[in-house]
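Below is one structure, written out as structure tokens; the observations come after it.
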Amino acid sequence: MTKETQFTVGDYLAERLSQIGIINHFVVPGDYNLKLLDYLEYHPKLSEIGCCNELNCAFAAEGYARAHGISAAVVTYSVGALTAFDGIGGAYAENLPVILISGAPNTNDINSSHILHHTIGTHNFDYQMDIAKNLTVAAVALRRAHEAPRLIDHALRQAILQHKPVYIEVPTNMATQPCPKPGPISAVIEPETSDKASLEQATDVAADLISKSEKPLMLAGPKLRAAGAEKAFLKLAEALDAAVVVQPNAKGFISEEYKNYAGVYWGLCSTRNADKIGEFADFFIGAGTVFNDYTSNGYKVGPTPDQFIDSDYMHVSLPGYEFTRVKMDEFLSRLADKVSKKNATMVEYARIKPALLKYAPANPKELLTREELMRQIQGVIDGNTTLYAETGDSWFNGMQMNLPEGAKFEIEMQWGHIGWSVPSALGYAIAAPKRRTVIMVGDGSFQLTGQELAQMVLHKLPVIIFLINNRGYTIEIQIHDGPYNRIKNWDYAAFMESFNAEDGKAKGLKANTGEELEQAIQIALANKEGPTLIECYNHTDDCTKELVAWGSTVGATNARAPSADQ
Ligand code: TPU
Ligand code: MG
């Protein structure tokens, strides 16, 4: 491949992706994007990672954004993009700025009477853009080279400011077109700041409300990390010396070794008596919280509006007030300057704080139980580990894991797409190769996207996958059972090793007993040249009591009869 000397639209996009910090972009090639992929390859600081399909490609980019802050996925028109959209919806739900770049028909064809491949076979070329507009915060289609800088910069800036995915459509004849070189990158990445008057007034009102409360509790939500407000949140916790709880999809955002940490706040599924301290509190100071049907156990968990302050990226809600253009981190930090110590929740928590959950070792010769499995996985988690918990009982097992200082936790609870974990962890491990990435994934979830292990083999990523084989969709069984919740068993360990072909170093192992699991974990920890999958026996009914309790509330919520006034 030789590169033309003139600067083109493809060069512009490549340079901007590099300038915003992207090093690896995730791709599935197709004839509508091949030229563009060449230009991304020409860029000396960009390196592509191929994926098996576009769903996985979008999830891999999503995982890269979790570790690296921002990411890009490049796919072909329709057959690629429509598959990727599922993962892009996930990135939207999970507040991750993924740039989806799709190839598209030649500009001469878009306005002609031609029928094109990879389309529905009509002259409708709008449907892809229509979908993109619903799943992103900026969707642009490049049609003229001179507009490309403006449209690309707009999309990238929105991704960065809003922590959400964006869409850039690049026709197959566009990457080669001459285009001006980029201006300063600050135009794209410079952060927004709060309106000073609104910030002062919001923090005055909040400080007053807190001073009138007696037992304020701090609550971290899933948008806290995207807002980059963790430090400011802790500054406020220190100023108040209040107890700190987190929503399940914010687990790991606050160190579990922080002295005021009081667990996961999730009703019956809470850890470390977080629910009890929630009942004791008379005021909640939230940051980036979201109470959906799952995280509120069917709208039963959570503060009432009159006892709740919450801050989003760019606004603050207080009882009777709403302030726009107030940034979460600036709000929390400024509020910390205005409050004095109010530690009733911490005093109470010291009284009710339970000992950390710890399972006694099982007989090593006996069939694995869930508890023994979790006891041994807990042993793998050190301060350098990122633990992925897939949809299923892995969510509930994951909640109960104790994270040592430095350990991180990833979950996809708003979108809740089974099969997310393997491709997302691929992207994560590419972005953070020095961390130990560990996945807990059920058999049902794994069957959706397991082939992306191939990339972990290719890139020699020592990811450890605990495949929990309970022969079915146990989470669904707990919500509502039927024959559809039983699935075909696979030989998962053999599946893993099939990706080795002639050169891979992956290991696929089976553990039916505690002893076998211990040995498998030793082999996994020693395997630095590829992933290790450990297929772990787990009886279908041997699940957490939290899943059982949660499943019945979700089942009941789903089954509510239509309201009379609907
Ligand atoms: O621990 P366990 O057995 O519940 O996990 P496993 O085996 O991974 O089963 C997960 C079962 C499950 C389904 C079928 N959880 N949620 N669903 C519904 C669902 C269907 N399709 C997608 C893409 N995402 C979903 N969450
Ligand atoms: Mg299962």
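Every residue, even glycine, has its Cβ placed from backbone N, Cα and C.
For the Mg(2+) site, TrEMBL records Asn470, Gly472, and the single candidate of Asp443, Asp481, Asp491 listed with them is Asp443. Taking DSSP states H, G and I as helix and E and B as strand, the domain 'Thiamine pyrophosphate enzyme TPP-binding' (412-536) has 56 helix, 24 strand, 45 coil. Under DSSP, the residues of the domain 'Thiamine pyrophosphate enzyme central' (205-313) split into helix, strand and coil as follows: 35 helix, 21 strand, 53 coil. Remark: of the binding-site residues Asn470, Gly472, the most isolated position is Gly472 (fewest other Cβ atoms within 10 Å of its Cβ). In the predicted structure, the domain 'Thiamine pyrophosphate enzyme TPP-binding' (412-536) carries a mean pLDDT of 97. Taking a C-beta cut-off of under 8 angstroms and a sequence separation of 6 or more, Asp443 (Mg(2+) binding site) has the following same-chain neighbours: Leu467, Ile468, Asn469, Asn470, Arg471, Gly472, Ile487, Asn489, Trp490, Tyr492. Apart from Asp443, Asn470, Gly472, the residues listed for Mg(2+), the same chain places the Cβ atoms of Gly442, Gly444, Ile468, Asn469, Arg471, Tyr473, Thr474, Ile487, Asn538, Thr540 within 8 Å of the centroid of those Cβ atoms.
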